[in-house]
């Protein structure tokens with residue numbers, strides 16, 4: 001089977017410099033959703049017709065299995081499909097999809113393809129309560145499709161028809177070439193419409209078959225930011241419903257966004273206003289508090305993530321405790337039972353089993369062993385303005401508050417570092433590290449007082 005995806009439109013109503021089909025839905029371009037669905041049908045040829053912003057669109061979705069045809073002039077859907085003909089296998093049927101219709105299920109498309117077997121012409125239709133603006137499917141007394149009539153050309157009787165054309169079709173490819181060549185652009189827009197092919201197929205004696213999607217929203221397209229927002233909410237609610245079926249507890253299914261892939265174990269609980277991006281895995285018994293962002297991360301079983309935590313590119317072991325207001329950046333790796341508390345940032349660092357950094361700390365480019373306590377205000381000074389260096393803290397170290405560790409530096413096993421210490425040399429195992437300081441109390445000191453104006 002050939003699949004052609006039309007993605008050449010300008011999208012003027014989007015009021016954006018970005019090509020319409022590249023606007024994101026759930027974190028991915030609209031066109032990427034359509035291509036992903038198309039791939040599930042295993043086409044022998046997958047062709048995307050580009051036009052407006054062609055180079056940008058091609059760069060965004062380029063892949064070994066995707067070919068591109070260019071529609072240099074915007075002369076209608078029929079003209080667009082004609083540009084793809086040289087790339088199609090004429091012996092196989094062609095399914096035509098749209099790059100701005102991202103939510104059509106693969107099962108819906110397969111049902112249409114199956115119905116159009118043996119050279120039939122298939123149309124995906126939908127019945128709407130309000131079909132205003134759409135082309136109507138006209139049938140004869142026996143129920144056979146005779147034509148598609150556009151809203152502006154419909155008679156009062158035809159305007160009562162609720163079944164409309166979605167534009168998604170399956171057609172014999174060899175005949176399609178002939179039909180497209182016969183199209184005329186005698187309309188107000190001066191364009192060649194793919195819908196006009198239906199009458200040519202009927203005249204040629206081809207049987208027209210129709211199928212419908214399970215849900216009307218599967219055929220909704222995007223022509224404005226308002227429509228994009230509407231489809232985003234439909235998609236996110238579908239994702240939330242699927243999570244609920246899997247046994248995930250959602251505090252409010254309307255207030256969780258998944259912009260990628262979210263895999264959840266048993267008894268996972270997610271509070272409100274959480275966003276999951278990229279590839280995220282939550283193991284059994286993970287609890288995610290409100291207002292968290294988790295991107296490209298693996299979260300171990302029994303972990304608790306408190307409110308307003310941001311996790312990006314991190315790997316967490318089992319029974320860790322994160323947040324509130326913590327930030328784990330790419331390369332952060334936490335072993336089982338590690339704690340990272342409020343206003344702690346971890347980047348490209350390993351934190352060992354049972355180690356804790358509970359408050360106001362920066363840990364970057366570091367290797368921290370097991371059972372280490374990192375006091376409040378500790379900083380690994382890892383950057384000299386040009387190069388990054390690592391800090392190594394071995395097992396059972398106690399780091400006092402307001403400590404600066406100037407990398408590269410190694411702190412041996414069982415070391416205690418006194419509060420307020422700057423460590424710039426390696427510290428031997430089992431010792432106390434401190435900076436000698438003198439504290440003086442001066443009597444008779446008078447604090448300055450502001451003069452009153």
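Yeah, the Cβs are placed from backbone N, Cα and C, and that goes for glycine too.
For reference, Swiss-Prot has these:
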REGION    1-225  region 'Pyrophosphorylase'
BINDING   6-9, 20, 71, 76-77, 98-100, 135, 150, 165, 223, 329, 347, 362, 373  UDP-N-acetyl-alpha-D-glucosamine binding site
BINDING   100, 223  Mg(2+) binding site
REGION    247-453  region 'N-acetyltransferase'
ACT_SITE  359  active site, proton acceptor
BINDING   376, 382, 383, 401, 419  acetyl-CoA binding site
Cβ neighbour count within 10 Å of residue 329 (UDP-N-acetyl-alpha-D-glucosamine binding site): 16
Among 6, 376, 419, which are binding-site residues, the residue with the most C-beta atoms within 10 angstroms of its C-beta: 6
Protein Cβ atoms within 10 Å of residue 9 (UDP-N-acetyl-alpha-D-glucosamine binding site), excluding its own: 24
Integer average pLDDT (0 to 100) for the region 'Pyrophosphorylase' (1-225): 95
Candidates 9, 76, 150 (binding-site residues) - the one closest to residue 419 (acetyl-CoA binding site) by CA: 9
Residue among binding-site residues 76, 99 with least C-beta crowding, 10 angstrom cut-off: 76
Maximal Cα-Cα distance (Å) across residues annotated as binding acetyl-CoA, namely 376, 382, 383, 401, 419: 22
Cα-Cα distance linking residue 76 (UDP-N-acetyl-alpha-D-glucosamine binding site) and residue 376 (acetyl-CoA binding site), given in Å to the nearest integer: 65
